[in-house]
Each structure stands twice: as C-alpha cells, then as structure tokens.
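These features come from TrEMBL:
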| type | residues | note |
| --- | --- | --- |
| COMPBIAS | B:229-243 | compositional bias 'Pro residues' |
| COMPBIAS | B:262-271 | compositional bias 'Basic and acidic residues' |
| DOMAIN | B:48-193 | domain 'DUF6801' |
| REGION | B:206-292 | region 'Disordered' |
| REGION | B:425-444 | region 'Disordered' |
| REGION | B:525-544 | region 'Disordered' |
Amino acid sequence: MKKSIRNLAVVAGGASAAFALAVSPASAVPSTVWTVSPSPASITALNSGNVALSVNGITMTCTKSNGAGTGASTTGNPATVGTITTMVFGATGAPCTSVLGPVTAVPVTPWTIVAQDYNAATGVTSGYVGNVDANVSVGACNFRVTGKASSTYTNSTGALTVNSLAGELTVVTSSGCGSAVPVGAKPTFKGKYLFKAGTAIPTIVGSNP
Amino acid sequence: MKGPRPTPRSSRARVRGATIAAFVALAPLLPAAAVAVGTLKVDAALPYVCTLPSGPQPATVRITAAFPERAEAGEEIRPADVTTTVEFPGAAVAELTALKAATVRAESRLAVGVAQGEQRAEATWSGTAQPVAVPAEGPLTLTTTGDVSSLTTGTEGELSLTAGAFGVDLALSTAEGAATVPASLSVACAPAPDAEGRTVFARVPVGAGAPTGGPGTAAPSPDASSPSSPVPGLPLPPLPSDPAAPGDTAGTATEDPGAGPRADEGLKAADEDTPGAPAPRPAAPPCVTKDPTPMSLSAYITGYSNVRKQDGASLIPLTCVLMEQGDPEIVFGGTEEEPETHLINKAVGRLSTQGRQETPPFKGTFLTFGFAPTTATLVLEQAGPMALYSDTLLSYPYNISETYVRVPLVLRVLDARVNGTKLDVGPSCRTEKPLSSTEPDPATYPGDHMVLVGKGLSTFGGDAKGYLLTGGGPLVGKVTIPAFKGCGAKGENLDRLLTASISGSDNYVRQIQGQTCNILNPFPPINPECTDDGQPYQVPRAER
C-alpha cells in the first residue's frame, strides 16, 4: 500500500522537474560575475498568488506572505546575490491554512538567494533559496524544516518563483505529529514573490568576462 | 469606529513596493536609560467604549511609548517604555464591587495598525498589571506594561501607528483573596466615535527621504494629561488629523505614479484585501486547562439545537471543551487499484463548566401541546468520554477531511414555567438515557451518544474551507431526545408532560467550534489562538 505515497511523490517531482527544464536552459559558460541593480539594494518581496507547502500529501497554503532583505553584486558560482532577513507567512486575519487548521510558519532567517545560472536571452537567473529554515505548527503538531528550494528570478517582472524539488527540504525535528510528519519527511515549497527595491524592480545579470 | 480604519485609496495612489514586516518575535522593553536624545515620546489619551456585562460604558485608553525619532530602512524600530492605561468610570467600577471584588489584576491587548503608504501590518501590544485595589466608588485606573512587537520596514517613508481595538481581562479577587464568581471579566473596547481622526498616535519617518521633513511626531492628543512632546527645537510640520483623510501626503516623497505594479501582479489584490486587526476577545466563560501537555487543546463551541416537535430551536451557549490530542497517524487504505492515504487524528475531550462536565444552563421556550408557552432551563450533562476522530484523505491536489465528534449527553431540566407559573421539576429531571444519533460505526462506538460531523476541504495552493480540525467550523448532526424521567415533586409527575413536549427524533443540531488553543505551542501564531492565561482566544458565534 505504500504505492500510494510513491505515486504522490512522483507526481510532485514530475511537475517540478518539468518546470525546471522549462526555465533553466544552461548557458554555455557558467556566470561568475553577478551584477545586481541597484547594488546594494534594500529589497522587499510580496507574494503573487498563493504560497504552498506540502508534506506527505498534507497541503498548507498561505494567501499572504512577504519578506525583506538585501541584494548586492558579487562574484563566484554559485553566488549569494541576496539575503532575506525577514520573512512572514500569513497575515492577521489571513493565516496560512490547511484542512487540519491554521498553520503557523515561523522562519529562522537569514535565508539566501543563490544564483547559479543566467540566461541572457530571457533575463532569467536560476538558482535556489538557500539556508531555508522554518518552524511550522498546526495544532499540537510542530516541526522544523531546513534545506533549500530551487527558484528562478525573472528580471522583466521582478518575480522570484520558488519551486522546490523533492528532497531539497527536510524535516529535521518533529513533535506531536506522529507518522504524519516524521523526521526525515521531504516537504515541498512553492510560491511566487515580486521583488522591489524602493519603487524599482531589481535585476540580476550574470556574466563571465 | 471599530478598530483602525482602512486608508481610502486616492486617485493618485499607487501601490508601492514597501512591505512592512511586523516581527512576530517579541522585543523586550528597553530600559528607560536606553531612550535618550532623538527619542519620540508618545502620550495619547483616546476615548473608547467598553462593553461590560451591563452594557457599553465610556472609558479612556491612554498609550505612552517612546520611539526613535527617525529610523533607517531595514532598521528595527523597538517601541520602548510602553504603557497602556485604561480608566473605567465609576459606573463600571460598581459592576466589580457588585461581585465583591476587592482587587483586580488586568491583562490588556491593544491592536496597533502599522501603515506605510498603502502597506499595512498589524501588531498586538500586550500588557499586564500588578493587582490593584478596587475603589469603593469613583474611577478605576489600570496601567499595564509588557512586551511589544518590534517593527521593520525595508522601504523609506513615514510609518504611522494607529490605536485600534482594546481588550482587557480582569482577574477579580475578594477581600479574603478568593476568586469572585465569575472569577474574571473580559472587556472588549473600541475607539469611541469621537476618537475618529485621533487614533494615529505616532508617526516615525523612515529613511532620509521620509516625507514629513522633520523627525517623528506624536499625534496630537487633546485629552492627554501630558501632551505629546516631540524633541524640542526641531521644526514640525502641521499634521493631518488622520492619515486616511483626503489630501494625505504620507508617502508622496517616494511615490512614483509611473512605477506602480502591473495590474496582473497581485500587489493590488493583496493591498485591497488587507485584513484587519483581530477583534478583541468577547466575554466567554473560563476555559482553563490544568496541567496542560503539548497535546492539550481547548476550544469554545456554541450553536443551535432544534426541537422538531416544537418547530423551534434552543441556543446552546458558549461551552468550553478541553481536549487531549493523540499522535496523528498515516493509514493506508483503499483498494489495490485505487490505494488511498489517510491522516487520522484522534482526541478525547470533555465539556468544562466550572469544573463540571456540562454546558452552562440555557433556556428553551416551547408551546406545550401547541398552546401553553413553556420555558425550561436546561443543561446538557456529559455522561461519558467525548471522542473526536478526524479522517483526512490525502489525495492530490485535494485534502478532504471528515471529523466525527461523539459524546453521550443527557438533557437535564433544571426549571420550567408554563404560562409563567413555575413547575417544580425536582432535582433529578433528565432524559432517561443519553441523546442519540445514527452511528455509522456502531461496532466501534456502541451505546447512545450524539454524533456531529464536520467536513473540510483544501486544494494544493488553495485556502482550506469548511470545518478544520484545529481551526473550527460547523459541526452538524441529528439527535433523538429520549423520554424524560424523574421530573416532578410533591407527588406530581411531569415526565409525560416534558416527554410529550420535547422528546423526539430528527432534531437538527448545528454547533460552531472555535479555533483551538494549543496552550504550549512554542510558536505564537499570527492570529492569536490563546489568551495570555491559556484560554481559547477565539469565541465563536452560533449560526443557524
């Protein structure tokens, strides 16, 4: 009967893989110089569409989420082009929800925005949100999830699209969750955030001089 | 005016990228010595209306705090020296002395709206007070202090703070030190109509380009006993009476009409849908879990129960339910061809009313034999364990849950009047056995008991709806009310009268469960689930 869960994982993983293939055509030469404009930038982020966390088939949704951090030009590959210093899931009157009830997600920041590849034709940087660390609770069930979440950043829209691949995030502690969310479970995280630096849309450009 | 007003969108207004992060983490108050030159001191006294058991009463809520006169974008703003004082008039104090209250200890919650341009966030400033004596007459002043949220914004522009709903829990003791009956009062207050335009109590410029052209300003407060005192020597611009007023220029320094978001990018929708501050907690009976464990949950429940025979409904009042949840389990089911994964949550619970496993008394009015108005005072007594069983089908993209609440309840009649004439029902007037429902799983759950069912649904990436296990919602079912026995006194047997009037099948029950309180939850939720003393924060309302 474990087939059922495997099926779910295959579905989720398949969707993520298809997305990754669609948006991350590798450039011939990896970028090592990352130009963030403006730099340094004080960046705010607001979700566009709902943000979803799923673990063992239990879906949790946030209609409101926002964050703030900084961005700066840098070098290397992978390269940390940004830092998320505050992150909020849910809002007063609009908590994250699941069929089990409201979900509290308390991020442990800073998280990082890591660039790995740049497509000059589309202006899309692919990479991941790193150092992800958050405590999540639903009723008496509390767990902590850490890891990274694959993402892309699109210069034309200022959209950071997070779509974690299966296995990138892991439940490292769990209490009151029984077999529903055991240690070692692999949640997925999906959401889209619109970035602003003041009123401007920040951009990330990778190059290899 | 109830709580902070949303800022109307002017025709020039554009949603800007500013995002305010109200830290969930609590910032301990800074000592007074840490607040030196460059400090904005706030002292605002505002008229409020508070709902006491006897009805609304005027009150004054005074807020004092210190802020930095200016902050940089991204810099944490930590309100210091925060006090919240409520002054109740003599009429309100008389309600406390009527309960023989000699001392009172207050815990307060002030909803604070934080705004920057079009962006909004909410914070709750909580405070506690040492016990103070209840005066024999005259006003009662309660000053609370406590931890408040720090604030951070990544964008330049003026940050304004607005006083909203105010709630205060009053723990009462007699002169002998015993608890009064009731032992506490929860008082909900809202800004009075004449507070309109004055509820903004502080403005803090953020960044060099902040629009005020001067340091932070405390909002004018004509009622304050010590008026606001911005840093002397620095010019202050005239303040608009309310940031919501037409012509408000807050944020214009960074406003760029051409740099608004694209219409399809969600910012506008998010802004228009900015939720409000949580309402102060209405009065509710005590609901305290003694010796809680990490799996302890508590909640209020209330709703209607039809008496089909009378074509009427009785309101079952707010009742405290204390629960102990088990570990959730993943269970595999379905068929070989269509396997299913289920998440099973079980809990045991009990009603709790002043230490007894029953509802508070409630009244039901019926027309006995179709013409004699009969009013009965009733109570539902729990006659065995309450079992909660929630089964969630974890499919993709849906999570579908069914929650069953099973509880044996005996309906007891405490008092009855027919045509205004009291009937002596005696001390043991009850249904002869518990109320019953059709049980879908009688092998596992034998015996007479009521069954209520709640159904919930969530989709991947969508909001959950319906009954949510810990979030609450409607629980519905049908019950059969058995015959009564033991009713009457002095040789008069009222069993048949009450049985004929009330007993019968297919009585529809609709109860609304409130958000549960997980007392030992280490992570404070965005919407408060528990009061500071570990009781459910959310008080549901009955729905038909």
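We number each residue from 1, going along the chain as drawn.
Glycine is no exception: its Cβ is also placed from the backbone N, Cα and C atoms.
Distant neighbours of the region 'Disordered' (B:425-444): 380-381, 383-384, 404, 406, 408-416, 450-452, 477-489, 494, 498, 503; these residues of the same chain sit at least 6 beyond its ends, with a Cβ under 8 Å from one of its Cβ atoms. Sorting each residue of the region 'Disordered' (B:525-544) by its DSSP state yields 0 helix, 2 strand, 18 coil. The predicted model assigns the domain 'DUF6801' (B:48-193) a mean pLDDT of 82. For the domain 'DUF6801' (B:48-193), DSSP puts the residue distribution at 10 helix, 98 strand, 38 coil.
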